[in-house]
Structure formats: structure tokens, C-alpha cells
Amino acid sequence: MDGLTDSGHGHFNTKHKWRTEFSGCNYVVKNDTVANHMRVVSLSSFLLRFNYRSTHHLTSNGFYEFLNWFDERAWYPLGRIVGGTVYPGLMVTAGLIHYVLNLLHMTVHIRDVCVFLAPIFSGLTAISTFLLTRELWNQGAGLLAACFIAIVPGYISRSVAGSFDNEGIAIFALQFTYYLWVKSVKTGSVFWTIGCCLSYFYMVSAWGGYVFIINLIPLHVFVLLLMQRYSRRVYIAYSTFYIVGLVLSMQIPFVGFQPIRTSEHMAAAGVFALLQAYAFLQYLKDRLTKQEFQTLFFLGVSLAAGVVFLTVIYLTYTGKFSLSLMRYLCPPPRYAKIHIPIIASVSEHQPTTWVSFFFDLHILVCTFPAGLWFCIKNINDERVFVALYAISAVYFAGVMVRLMLTLTPVVCMLSAIAFSSVFEHYLGDDQKKDSPPTEDSSDEDDKRNSGNLIVTMLMLMLLMMFAVHCTWVTSNAYSSPSVVLASYNHDGSRNILDDFREAYYWLRQNTDEHARVMSWWDYGYQIAGMANRTTLVDNNTWNNSHIALVGKAMSSNESAAYQIMQSLDVDYVLIIFGGVIGYSGDDINKFLWMVRIAEGEHPKDIRESDYFTPQGEFRVDKAGSPTLLNCLMYKMSYYRFGEMQLDFRTPPGFDRTRNAEIGNKDIKFKHLEEAFTSEHWLVRIYKVKNEGSSRTSSFLRKARS
Amino acid sequence: MAAAARGPPLSFAMMRLSFVLLLLLLLLLVQSGGGQKKKENMLAEKVEQMMEWSSRRSVIRMNGDKFRRFVKAPPRNYSVVVMFTALQPQRQCSVCRQANEEYQVLANSWRYSSAFSNKLFFTVVDYDEGADVFQQLNMNSAPTFMHFPPKGKPRRADTFDLQRIGFASEQLAKWIADRTDVQIRVFRPPNYSGTIALALLVSLVGGLLYLRRNNLEFIYNKTGWAMAALCVVFAMTSGQMWNHIRGPPYAHKNPQNGQVSYIHGSSQAQFVAESHIILLLNAAITMGMVLLNEAATSKGDVGKRRIICLVGLGLVVFFFSFLLSIFRSKYHGYPYSFLIK
């Protein structure tokens with residue numbers, strides 16, 4: 001257990017740690033056997049629980065019931081309309097596979113389908129990447145690209161078994177849509193375009209990232225027009241795609257009328273109009289004399305410009321169409337940093353350092369510009385597409401870590417092109433046959449062959465390093481069910497910490513079925529999914545004031561917190577405490593974000609500065625600020641901790657995460673009582689004493705009056 | 001006409017008389033009114049003086065004497081926000097200059113807002129003009145923002161927590177609203193420099209195209225476009241966007257031994273210099289790949305091609321191992337390396 005203690009970060013560093021992988025730390029999360037692995041992972045990650053729960057609802061109650069599902073277990077006391085607020089693609093896919101398998105009398109549990117969905121789809125992604133790269137370059141590059149995307153860490157994070165996530169299937173849909181698009185631009189056949197639209201429809205149903213497609217394809221068409229590469233093929237492909245794709249995308253309840261209302265879809269409409277105008281002009285050009293055509297051209301262009309200008313002004317004026325393009329162009333984290341602490345607090349919304357690029361892509365990140373270079377040097381219609389794809393994706397990945405996912409496929413393809421063209425020249429010996437053996441002596445030939453051999457060997461070695469890197473990253477960072485933690489001793493043996501499941505099981509068995517559990521939002525889906533209890537906030541809560549209220553309860557003193565908890569009808573409070581084992585992702589380390597978010601909504605009651613020492617430090621020991629030492633979160637975390645001596649070298653009440661002896665060892669509760677503490681104290685659950693006689697909530701009473 | 005000719009002297013005399021009378025009256029008042037009146041008078045005078053200064057400049061510059069008289073000494077019925085700073089170039093305080101800009105924005109927003117009153121003044125004390133003030137207040141860091149309330153001494157919360165919330169004028173306004181109940185809506189002068197630069201660029205490009213309208217071949221030059229695309233890619237993959245948003249220092253100089261480190265020790269952050277190094281390394285590796293390809297496809301003599309091939313291979317292998325070693329030094333616990341440890 002010794003190794004654990006160094007993982008503590010004495011000072012506050014949760015900003016980046018929150019919901020990030022604890023990759024560099026000693027916390028490497030592992031499972032026992034492969035079979036167990038699957039089971040555990042499926043019950044794992046914070047976010048994915050929700051998807052599983054909705055899929056379960058879908059399979060047991062049917063599709064229409066799912067669309068109308070009102071989940072009263074979430075966001076108590078508000079509840080959540082699930083059917084209209086999710087992208088249903090993932091759940092429907094899993095449900096469909098389950099249905100078909102059962103129809104064939106292969107009885108599997110829906111959970112097993114969910115667990116294996118991501119690996120199946122990553123296989124499909126590899127196939128569609130192969131197809132797309134083959135269209136762009138050649139078969140060899142396609143094979144390399146498929147190999148790359150199969151193991152690259154940037155995509156592995158979404159394709160491990162048990163990662164039941166929208167992105168997992170969306171990347172397949174993305175790549176397949178692009179393949180079909182390239183195919184339809186190449187052939188100009190409506191058949192391929194309709195296929196492209198169906199694939200696009202699937203993408204819209206799966207992930208909000210479909211906006212990337214609906215902007216990239218118009219951009220491709222626009223650039224083709226600028227490059228005077230207009231052809232009937234492009235015209236047929238885009239016109240069909242736009243109309244059919246638009247109609248299909250509006251069938252998803254969550255998307256609804258957005259494609260004709262919001263500004264991020266306007267580029268597609270604009271390019272559609274432009275393409276029609278261009279085609280019309282081309283048609284006229286064939287019929288008219290040059291002089292007539294020029295007059296008509298100028299008249300038409302000025303008229304069109306005027307009409308567009310007036311329409312935009314009118315729409316903006318009436319407020320139907322907001323020119324919110326700035327929101328997309330200016331880096332979102334910067335916008336959010338100033339305005340919304342809750343967005344800034346999520347680690348996935350941070351900009352990307354070069355280390356993350358290298359970590360996720362390794363050699364590919366240095367070689368894919370070479371592929372881009374080759375593509376632009378030997379440009380054709382579809383290579384324009386891949387160049388635009390690369391440039392836009394790399395921009396978005398630079399702005400937000402999360403969007404690394406959209407960059408990964410294109411990096412794999414372009415890198416594969418770079419490597420494949422090198423191998424083509426140095427690996428094969430067919431060149432020797434072509435060149436006539438004239439004055440070149442055999443000595444010279446030998447030398448050249450050995451040179452080729454060295455180049456090939458070194459390139460293969462680099463690729464081998466890439467494979468090794470991917471394996472290392474996958475095993476260390478990305479196969480991480482955050483439910484089961486493992487720690488390593490000095491001799492390499494392993495301790496499994498199963499506290500989360502223990503606690504959720506306890507909740508499930510020992511509390512009332514309708515009990516409401518308050519916790520910070522990271523654990524919302526887990527509590528709902530694994531303990532089957534009602535939560536106040538979860539990972540998808542967008543109601544900032546609701547989260548702020550929970551944050552306020554956590555950061556107030558006990559009596560003030562009790563009032564809030566009474567008004568919210570809280571029965572149990574669940575917190576994560578890592579002080580015993582040195583787990584750095586616990587609630588005390590996230591605590592400042594709770595304070596900050598609470599301060600945003602209740603600036604009169606909560607002040608961030610009150611939680612710091614006069615020197616501006618965040619300390620939990622005796623020198624810490626009295627407000628901190630008496631707030632609910634502190635008291636719940638360190639209740640009875642002062643009696644506990646972990647080590648002979650340290651005093652009782654020594655917090656291993658923050659390497660400090662706690663400052664308030666005499667903690668007593670008036671309105672709460674300890675209900676459960678897990679084996680390693682990782683999860684602590686408190687019961688809120690019910691002093692009021694009636695169970696009816698004040699909230700409901702207020703609502704009635 | 002006669003009346004007009006006699007007019008001015010008469011009125012002058014009248015004025016002088018009334019002035020003398022007024023003076024006498026004042027003197028009498030002051031003598032009879034005693035301390036209370038004197039105080040009020042002084043206060044009125046101070047407020048008037050402050051108003052006059054702030055009508056000239058939205059931030060009042062103060063030296064030691066002025067500071068003691070108008071900010072420290074009672075009586076006062078106005079709040080004063082003071083920025084203690086060191087703006088002289090020889091002090092080399094770049095933070096002070098940034099903070100000063102934000103402070104000016106805030107003070108101007110207040111000065112030209114409709115709610116402007118004599119309840120709040122913005123002042124600045126420069127170290128080189130009022131070093132005694134710094135000593136008196138036991139202050140050893142600049143910039144510092146302090147609020148002096150109308151009554152009583154400044155408390156702990158009256159010092160702005162610069163370390164934690166930064167010095168954006170919005171934050172300052174929030175702090176002032178908290179301390180004085182004066183709400184200031186920060187109005188930033190719109191930044192036209194970006195628009196102007198864009199317009200210049202567009203007109204420049206347009207002009208260039210017009211001048212060379214007979215020879216537009218260069219637009220179809222693939223190398224130029226490929227270069228531009230690679231520039232975007234290199235800028236992004238080396239984390240320039242991170243630099244843009246987070247604004248890290250160029251490099252870190254250890255104050256103890258003066259050693260300059262260009263590579264940040266943690267994998268969560270980076271220096272500007274570091275990102276430039278990475279940019280060059282990435283570019284070198286890409287160039288190596290291109291050269292390898294070039295060596296095989298170009299139709300030159302064999303020796304030259306062999307040299308190009310070797311150079312390309314060297315670039316790829318050497319710089320990649322270098323990149324890997326930098327990554328290894330930042331990402332603690334990473335086990336692999338290649339050629340260079």
C-alpha cells in the first residue's frame with residue numbers, strides 16, 4: 001500500500017484530474033480475468049450507466065414506450081424526459097441486435113449485447129476506414145489505415161468492451177458516411193448517395209457530432225466549385241444528399257427542426273443554393289452568346305447577393321435566426337472559462353496540449369502531415385475532401401481534447417498513405433525488373449538493396465514502437481472501469497478495491513425503494529444504475545441551479561445544509577473519500593468546484609475565499625479556514641477519521657491523499673447519522689434524520705399551494 | 001452711451017465688495033461654526049477636488065502626500081479603490097501593465113456610466129512616486145488592488161485576491177460591487193484591430209491578384225497550398241491553441257540558480273518555447289518522410305538520391321527519438337524510448 005501514498009497531490013489540482021484518466025498515477029485500474037473484465041466494465045463508467053439503463057428500458061418496454069419515457073428517478077424533484085432528449089441510435093442498435101438474436105433463439109442478456117457493441121463497431125470502423133482509404137489512395141494504404149485505427153489509443157478509449165457510448169458507434173457512422181460520400185462524388189450515382197444519406201441518418205441518430213458532417217461535405221463541394229472542379233457528378237451527389245439527408249435528419253426527435261433553424265446548418269443550405277445557381281449558369285452558358293451571358297451573369301449575381309443580404313437581415317431582425325457563428329469560431333473553453341464554471345470544470349472541455357496529441361496518436365501525429373502533403377501534391381476530387389477533413393478536424397482537436405476523437409480516423413488514413421508510399425518504393429523489388437540492367441554493376445545494385453532494407457527495417461521498427469505504445473496506453477489508461485480500483489504494492493502484487501460496488505449494493509439492499517440520494521453529479525448515473533435509487537443531479541444535468549443547490553448544501557455548515565436537504569427531500573448523502581487509501585479523485589479534491597458552482601448561483605451565501613487560508617491555500621489541517629473545517633463535506637469526509645491511525649509513523653487522522661493531519665477531529669452531527677462506510681472508507685453514506693413528521697416534501701407542498 | 005461707459009467700473013466695484021463680504025462671512029462662519037463645520041467644509045473641498053481630478057482622468061494618479069490626504073485621512077464619505085503598482089519600464093513588471101489596462105477599462109466604464117457619482121473613485125499609486133505609501137502599508141508586491149471604505153479601516157476582504165481570481169475587469173467589478181454596492185457594467189471598447197487587420201489583408205491579397213491578373217498561375221501552385229495546410233496542422237498539433245487560450249510563459253527561469261528550462265515538467269502543461277520545439281520536430285519528421293519518398297521517385301543520379309534518402313531517414317529516426325525522449329521526460333512512468341534516453 002505504500003505506493004499509494006505518493007499519488008496524493010498536496011495541493012489543489014482537480015481541474016485537470018476531474019474525470020480524466022489517472023494514467024500517470026499509481027491508480028491503474030484492472031480486472032481479474034477476461035470474463036470478469038467484461039462483467040465489471042459493463043457496470044462501470046460513470047456516464048455509460050445511463051445508456052445501459054435506457055437500453056434496458058427500451059428492450060423491456062418497446063420503442064414507443066421508450067420515446068415517451070419520463071424518468072422520475074433522475075434530477076429529483078424535476079424528473080427527466082428521456083425520449084426527447086437523447087440520441088437514440090445507440091440504444092436502438094443494441095436493442096435491435098438483441099431482438100434479432102432472440103428471434104434466432106440465441107438468448108443473450110441485453111447487458112452482454114451492450115458490452116460487446118463497442119468492439120463490434122470498432123471492427124466495422126476499421127473496415128470502413130479501409131474502404132475510404134482505398135478510395136483515396138490505394139489498397140495498401142487502406143490496409144495500413146485499418147491496422148492503425150484498430151489500435152490507435154485515440155479511438156481505443158471508445159472501443160474497449162463495455163464502453164457503451166454514443167461515440168463508439170458514431171465514429172463508424174462517420175467513416176462510413178464519408179466513404180459513401182466519396183464514392184458518390186466519384187461515380188455520381190444516386191444509389192451511392194442514398195446509401196450516404198442513410199448512413200448520415202444513422203449518424204444523426206447516434207451523436208451530436210453529425211454537425212461535423214453536415215458542414216464538411218458542403219465545404220468540400222464549395223471548395224470544388226472554387227477550384228473549378230464542378231461536374232455533374234458533384235451536382236447529383238450533393239443535391240440528393242442535401243435534400244434526403246435533411247428530411248431524414250429531421251426525423252430524430254431530439255434534432256427536430258434544428259436543421260432549418262440553427263446557424264450551424266446554414267452553410268449546407270447556402271452551398272445547396274449556390275450549387276443550383278452555378279449549375280443553372282453552366283446550363284445558360286451553353287445556350288447563350290458570350291455577351292448576353294456576361295450581362296445576365298452580373299445581373300444575376302447582384303440580384304442574388306441583394307436577396308441573400310436582405311433575407312439575413314430580416315431573419316436576424318425577427319430573431320428567427322441567430323448569427324451565433326462566433327460561438328463556433330471562438331474557442332469554447334475560453335468562452336466557458338469566463339462564463340460558466342460548470343463547463344470549465346469538466347476536463348474534456350480543455351484545449352489540447354501537444355502531449356495529449358502524442359499520447360493519443362504517437363508516430364501518426366508526426367507522419368500524417370506527410371500524407372497530407374502527398375494528397376495535396378497529387379490532388380483530385382476526393383483528396384480535396386480528405387485535406388479539408390484533416391485541416392478542420394485538427395483545428396477542432398486543438399480547441400477541445402474531446403474532439404481528438406474526430407481527428408483520429410483522418411490521422412490514421414493520412415499516416416497510412418505516408419507509410420504506404422514509402423514502403424511501396426523501398427519494400428518491393430519490382431523496380432529492379434523495370435530498370436534495365438545496363439551499366440549498373442551488380443555491386444551497385446546490392447548497395448541499393450541494402451539501403452532499401454535499412455529504410456524498411458527502421459520504418460517497421462517505428463511502427464513496432466507505435467504498436468507497443470498503443471498496448472501500453474490501452475492497458476494503463478483506457479481500460480479503466482472506474483468502479484473497481486486496483487493498487488500495486490512494491491513487489492508487484494495487486495490489491496483490488498471494490499468499495500464502490502459494495503456501497504451501491506448496500507444502498508440497494510438496505511434503503512427504501514424510493515429513497516433519494518444526494519451526491520455530487522459524477523456519481524449520479526452510477527447510483528441510478530447500480531443502486532437503483534433516485535438521484536438529485538447526474539452527469540447530464542444541465543440545470544445549473546440544481547447542481548449549484550447541491551454544491552451549496554455540501555459547502556454550507558450542517559444546519560444550513562439540513563434546511564436545503566429537507567427542502568430537496570434528501571434521505572441519504574453519498575460521498576467519496578480517499579484519505580484512507582490515498583485516492584486523489586475524491587470529493588474533497590473536487591470540493592472547490594462545488595464551492596465555485598454554488599457561488600455562481602448563491603454569491604451571498606457561499607464565497608470561495610472563505611474556504612482558503614489567509615495565505616490563499618486550500619488546507620484541511622489545523623491551519624485551514626474555519627469555514628472549511630465546519631462545512632458539511634468536510635465533516636462527512638472526516639467523521640470518526642480522527643480516531644483512526646493508519647500507520648505508526650503518522651499521527652491519528654492523517655489524510656494520505658493530501659498528506660496532512662486533519663484539523664477538526666472532533667466531529668459530531670446533529671441532523672445526520674453515519675449509515676455506511678465501505679471497507680477502505682472510499683464511499684461513505686449518511687442518513688439524514690427525519691425530524692419533520694410528514695413525508696410530504698416542502699417542495700411539493702409549495703407546488704400545491 | 002454714458003451709462004454704458006460708467007457701467008464696468010461700477011459693477012467691478014460691486015463685485016469686489018460682494019467678494020470681500022463673502023470672504024468675511026465665510027471667515028465668520030468658520031470661526032463660529034467650529035470643528036464640525038470645518039470638517040464638512042474640508043470634506044466638500046476634498047470631494048470637489050477628487051471630482052475635478054476624475055473628470056480630467058478616470059484614474060487619479062497619487063503620490064504619498066495626496067494619498068495620505070485624500071485616501072487615508074478622515075473625513076471621507078466616498079470609497080476609494082487604489083491600485084498599487086509599478087509601471088515604470090525599469091521595474092519590468094509586465095503583469096502591472098496588463099492589470100493597468102484592465103483597471104483603465106473598469107475606471108472608464110465607471111466614469112462614463114450613467115450611475116457615475118462621487119461615491120467611488122479610482123486611483124493609482126506608483127511605486128516610484130509613492131514608495132513611502134508602500135512602506136506604510138507594508139506592501140511588498142505589485143500590483144495590488146485595495147478598497148478603502150468611507151468609514152473605518154480596510155478589512156481583509158478589502159484587498160482584492162489577485163492570485164486566485166486574476167485581474168479581469170469583470171472580476172474587479174464583481175469585487176467592487178461586493179464591497180461598495182456600486183454596480184459597474186464593464187464596457188470594453190470594441191477591438192477594431194482584428195477587423196482592420198483582416199480588411200488590410202483582404203485588400204492586400206485583392207490588390208496582389210489584380211496586379212498579377214495576367215499571370216494567375218501561382219494560385220494553382222500546389223506546393224503553396226500544401227505548405228499552408230501543413231502550417232495549420234503543425235500549429236495545432238504542437239498545441240498553439242492551448243498557448244493561445246491558457247497564455248503560459250515563454251520559458252521558466254529558476255530564480256535560485258538562474259537556469260532556464262524550456263520544457264515543462266508536467267504532462268498537463270507546456271511552455272511556449274516547448275511548443276515551438278515540438279513544432280520544429282514534427283516538421284522535421286514530416287520532411288524526412290517526404291524526402292524518403294522524393295529519393296525513390298525523383299529521376300536523378302543514384303548518388304544524389306542515396307544522399308537524399310539517407311538524410312530523410314536520419315531526420316525521421318533521429319527527431320522521432322528526440323521527440324520520444326521529451327515525451328518520456330514529461331510523462332512520468334512512460335517506459336519506452338528509442339536511441340536517445
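Numbering starts at 1 and runs along the chain as it is shown here.
Just so you know, glycine gets a Cβ as well, placed from its N, Cα and C.
Per TrEMBL, the feature domain 'Oligosaccharyl transferase STT3 N-terminal' maps to A:50-414.
Positions annotated as domain 'STT3/PglB/AglB core' by TrEMBL: A:517-573. Within the domain 'STT3/PglB/AglB core' (A:517-573), the DSSP-based counts of helix, strand and coil residues read 33 helix, 7 strand, 17 coil.
If you look up TrEMBL, you'll see A:81-101 (among others) marked as transmembrane segment. Under 8 Å from some Cβ of the transmembrane segment (A:81-101) lie the Cβ atoms of residues 51, 54-55, 57-59, 63, 66-71, 107-108, 110, 113-114, 117, 164-166, 168-170, 173, 202-208, 252-254, all in the same chain and six or more residues away from its ends.
Residues or ranges marked as transmembrane segment in TrEMBL: A:113-133 (among others).
Per TrEMBL, the feature transmembrane segment maps to A:139-157 (among others).
Sequence annotations record features per position, and here TrEMBL assigns transmembrane segment to A:207-227 (among others). Listed as Cβ neighbours of the transmembrane segment (A:207-227) (distance under 8 Å, sequence separation of 6 or more from its ends, same chain) are residues 87, 89, 166-167, 169-170, 173-174, 177-178, 181, 185, 200, 234, 238, 241-242, 245, 249, 259, 264-265, 267-268, 270-272, 274-275, 278, 381, 384-385, 388-389, 392-393, 396, 406.
Residues annotated as transmembrane segment in TrEMBL: A:234-254 (among others).
Among the features that TrEMBL reports, transmembrane segment is placed at A:266-284 (among others).
The transmembrane segment annotation in TrEMBL covers A:296-317 (among others).
What TrEMBL lists as transmembrane segment is A:354-376 (among others).
Taken from TrEMBL, the feature transmembrane segment applies to A:383-401 (among others). If one looks beyond the transmembrane segment (A:383-401) by at least 6 residues along the same chain, the residues whose Cβ comes under 8 Å of a Cβ in the stretch are 136, 178, 181-182, 185, 212, 215-216, 219-220, 223-224, 227, 229, 331-333, 347-352, 356-357, 368, 372, 375-376, 407, 410-411, 413-414.
The transmembrane segment annotation in TrEMBL covers A:453-474 (among others).
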**OP:** Give residue numbers and ranges for long-range contacts of the transmembrane segment (A:113-133): same chain, 6 or more residues beyond its ends, CB-CB under 8 A.
**Re:** 38-39, 41-42, 51-52, 55, 90, 93-94, 97-98, 101, 141-146, 149-150, 155, 158-165, 168-169, 171-172, 175-176, 178-179, 182, 409, 412-413, 416-417
**OP:** Could you please provide the mean pLDDT value for the domain 'STT3/PglB/AglB core' (A:517-573)?
**Re:** 84
Original post:
Taking a Cβ cut-off under 8 Å, which residues six or more beyond the ends of the transmembrane segment (A:453-474) line up next to it in the same chain?
Top reply: 23, 151-153, 156, 160, 359-360, 362-364, 419, 422-423, 426-427
